[in-house]
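In what follows, a structure is listed as structure tokens, so that the remarks can point back to it.
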Amino acid sequence: MPCVQAQYSPSPPGSTYATQTYGSEYTTEIMNPDYTKLTMDLGSTGIMATATTSLPSFSTFMEGYPSSCELKPSCLYQMPPSGPRPLIKMEEGREHGYHHHHHHHHHHHHHQQQQPSIPPPSGPEDEVLPSTSMYFKQSPPSTPTTPGFPPQAGALWDDELPSAPGCIAPGPLLDPQMKAVPPMAAAARFPIFFKPSPPHPPAPSPAGGHHLGYDPTAAAALSLPLGAAAAAGSQAAALEGHPYGLPLAKRTATLTFPPLGLTASPTASSLLGESPSLPSPPNRSSSSGEGTCAVCGDNAACQHYGVRTCEGCKGFFKRTVQKNAKYVCLANKNCPVDKRRRNRCQYCRFQKCLSVGMVKEVVRTDSLKGRRGRLPSKPKSPLQQEPSQPSPPSPPICMMNALVRALTDATPRDLDYSRYCPTDQATAGTDAEHVQQFYNLLTASIDVSRSWAEKIPGFTDLPKEDQTLLIESAFLELFVLRLSIRSNTAEDKFVFCNGLVLHRLQCLRGFGEWLDSIKDFSLNLQSLNLDIQALACLSALSMITERHGLKEPKRVEELCTKITSSLKDHQRKGQALEPSEPKVLRALVELRKICTQGLQRIFYLKLEDLVPPPSVIDKLFLDTLPF
């Protein structure tokens, strides 16, 4: 910490009044172990001058001094901030003089502890400056600081200083034995302070990052620590006879400084032209307002085609729709799609775009050039519509989006290969175990079908009896259709609704010949190249159709018409990869034939009676019999 140091010799008789009066009080305080330990010696060669023009002459402070002066240049001194800090050295005859400051203000004593002889004053017009107005200014943030020394706020020394009758006797500053510094031209026009160190490289700053300065307004707030105002009044008369005639009765407040702190003072920062707090640079890793892409997980700033996606997935989806591109998955149609692997399988990436809800109808085509696509507004709920007006039918695009979301939600997210075995060991186990596995797979499919049907718009508006009848009548058709869509039958891999992956050999003993019919239907269905919209409509139409025993068949027929209209509208707008309506109708006919074979398989297992069927399967089997 840079500072000005001086050692004092025994005081002359004329300057020891404060020693005689307050010596006993401040001797015990200054020797208290709580005082800061500092080492200061101007004679050391380790102290070096860093500036020669930033301080005014010390002769400004020595006007009227009755001793001889020896000239020394004013400079800044720097000393290492580390090392042991012994107590302030007190020499005989001086240890009781000029220690009227608080123990945090020892820098004033350390700056003036050298003891050369002082020549007479350099000029009659020089004035004595009170040392109590010196304070510490905070360094700029680039200078490393010692745990906080908040500076005292005050104005700079910009005007000529008048005599301060209310200030305290400066003590050792007026020692006749002290050497004076030659005056400078404009010394009285500038404040006494240490200029801030350059930011690069950081150098130790005085007093833990603060600078010594003079503030004439601070003298009005500082005085000797007399302990009480009454003591000052009784001793004012005695001090009138002091050689320097500085009365003490006008200031009764004790001279105290705030304790050291770690935080920088905003007042000092404003004096140095700094902002109270320096804002930290923005963090580029996480920008506010950004989310993650619903397709690959990359950063996404806004929504594209109805879903928050990144620019890469937005462009991929747009190009695929505009060019009617056809993709083929080389794996099992469940490739991982993330930021690193999103370009590996275009088929799975496009299917995931559709599954998260990206709407192809919003993509501009040749008929919509120059216009920005807009998502259709959501239809008003029945409570928001006027009761006198009939509720208009839902727009086809809303029905299509709901069907796609329902189908994707029913698709298992993770595949379970724990039981997959393509070797001859797949046939291990008893016949009863394979039959029980067959029943378990059918039961799991029924639960998935119920949750999927509730997401179809208008299905929950039907009577409960009709809802149950439709689900139970179509449970085998839904089981076969989902199994055909998910499975990679070309490699004999069958993916069931719970994510379980089994080889054909593992299913053959439970499914029998019905498994081969399912495989053929799956190959034919995949050869049709139906998009996910057509598959969603195919799944809905396989359940929502005319059934014997419906209470309100008219409403079921209306719902079926809405689904068919959505499929036609999807094809009419040119968004379908190929005309899908006739293909869907042919697939429905073939699907119902295969379900008849499934009923025959269940009937055969009941007759075999290896394992009793679950009650839900038994009930569904009896309800779906045509006779």
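Positions of Cβ are set from backbone N, Cα and C atoms, glycine also.
Confidence annotation: the region 'Required for DNA-PK heterotrimer' (1-139) carries a mean pLDDT of 45 in the model. What Swiss-Prot records for 1-139 is region 'Required for DNA-PK heterotrimer'.
The region 'Disordered' annotation in Swiss-Prot covers 96-162 (among others).
As annotated by Swiss-Prot, compositional bias 'Basic residues' applies to 97-112.
The compositional bias 'Pro residues' annotation in Swiss-Prot covers 141-150.
Residues annotated as region 'Disordered' in Swiss-Prot: 268-289 (among others).
What Swiss-Prot records for 269-288 (among others) is compositional bias 'Low complexity'.
Marked as DNA-binding region by Swiss-Prot on the basis of sequence analysis: 290-365.
The helix, strand and coil residue counts that DSSP assigns across the zinc finger (293-313) are 3 helix, 6 strand, 12 coil. Positions annotated as zinc finger by Swiss-Prot: 293-313 (among others).
Here the zinc finger (329-353) has Cβ contacts under 8 Å with residues 293, 295-298, 307, 309, 312-313, 316-317, 320, 415, 486, 488, 491, 493, 495, 532 of the same chain, all six or more residues outside its ends. Marked as zinc finger by Swiss-Prot on the basis of sequence analysis: 329-353 (among others).
Feature annotation from Swiss-Prot assigns region 'Disordered' to 365-395 (among others).
Annotation source Swiss-Prot lists compositional bias 'Low complexity' at 378-388 (among others).
Residues annotated as domain 'NR LBD' in Swiss-Prot: 395-624.
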Sequence-remote partners of the zinc finger (293-313) [C-beta within less than 8 Å, at least six residues beyond its ends]: 287, 337-339, 342, 349, 352-353, 356-360, 362-363, 373, 375
DSSP on the zinc finger (329-353): how many residues come out helix, how many strand, how many coil? 8 helix, 0 strand, 17 coil
Go ahead and report the DSSP secondary structure tallies for the DNA-binding region (290-365): helix first, then strand, then coil. 26 helix, 8 strand, 42 coil
